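**Student:** Dropping the structure in here first, questions after.
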Amino acid sequence: MKTAHFILIFCLLALASPFAYASDPSPLQDFCVAINDPKDAVFVNGKFCKDPKLAKAQDFYYSGLNIPINTSNPVGSTVTPVNVAQIPGLNTLGISLVRIDYAPNGGLNPPHTHPRATEILVVVEGTLYVGFVTSNTDNRLITKVLYPGDVFVFPIGLIHFQFNVGKTNAVAFAALSSQNPGVITVANAVFGSNPPINPDVLVKAFQLDKNVVKNLQSKFWWANN
């Protein structure tokens, strides 16, 4: 009898497995509004594919990640992306890369999230204090100080950051599990949205004085213009 039950359960699991693996493809942009007439379409989930017979080496190539990038900006860091926009051959492959340069004494890749990708980062120069925050309601901060050769993972969708705690320039490279991972910088999105979020919303959400909110909105507007 036990054998019969085992066989029955096994058969049910086998029948259910195709449904367990069935799901919609992950979005490759913020949204993709359905349209009935293809001649009016302007974007797809990913990009249109070139005839494979016409592919060439340049479609899979990028040069320049060895070049240090200027970090003279308000946060003291610069991200150089290498995703499907730079390498067309990444289309449908689910991976991309970035180089991040950090200014000495506090260069910051500010708190942000990648809505479509997990990130794995390796430090090649300098010393970085990195971390991410788990989701509600725990909101636990997980941090680590990284040195050259150290690797750290930021799970998909979680807010994370890197901060240069050293006195010299720092450089890191990161791989992301999407051809177009997207990035939402928290401060810019909240205080620098276009058009601005009604200050009353932010006053209540952050329990701040309205003048403080308006001042923050003016400071972060630079990033979106």
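A Cβ is built for glycine as well, from the same backbone N, Cα and C atoms used for every other residue.
Per TrEMBL, oxalate binding site is recorded for Asn109, His114, Glu119. Look at TrEMBL and you will find His112, His114, Glu119, His160 tagged as Mn(2+) binding site. TrEMBL lists Cys32-Cys49 with the feature disulfide bond. According to TrEMBL, the domain 'Cupin type-1' annotation covers 63-214. The signal peptide feature in TrEMBL is assigned to 1-22.
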**Student:** If you measure from the Cα of Cys32 (disulfide bond), which of the binding-site residues His112, His114, Glu119, His160 is the nearest?
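**Tutor:** That would be His114, the closest of His112, His114, Glu119, His160 to Cys32 (disulfide bond).
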**Student:** Take the C-alpha atoms of Glu119 (oxalate binding site) and His160 (Mn(2+) binding site) and report the distance between them in angstrom, rounded.
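**Tutor:** Their Cα atoms are separated by 10 Å.
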**Student:** Relative to the Cβ position of His160 (Mn(2+) binding site), how many further Cβ atoms are located within 10 Å?
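**Tutor:** Cβ-Cβ neighbours of His160 (Mn(2+) binding site) within 10 Å number 22.
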**Student:** Please give the average pLDDT for the domain 'Cupin type-1' (63-214) in this predicted model.
**Tutor:** 97
**Student:** His112 (Mn(2+) binding site) has how many other Cβ neighbours within 10 Å of its own Cβ?
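**Tutor:** Neighbour count, Cβ to Cβ under the 10 Å cut-off: 19.
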**Student:** Please report how many Å separate the Cα atom of Asn109 (oxalate binding site) from that of Cys49 (disulfide bond), as a whole number.
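**Tutor:** One finds 33 Å between the Cα atoms of these residues.
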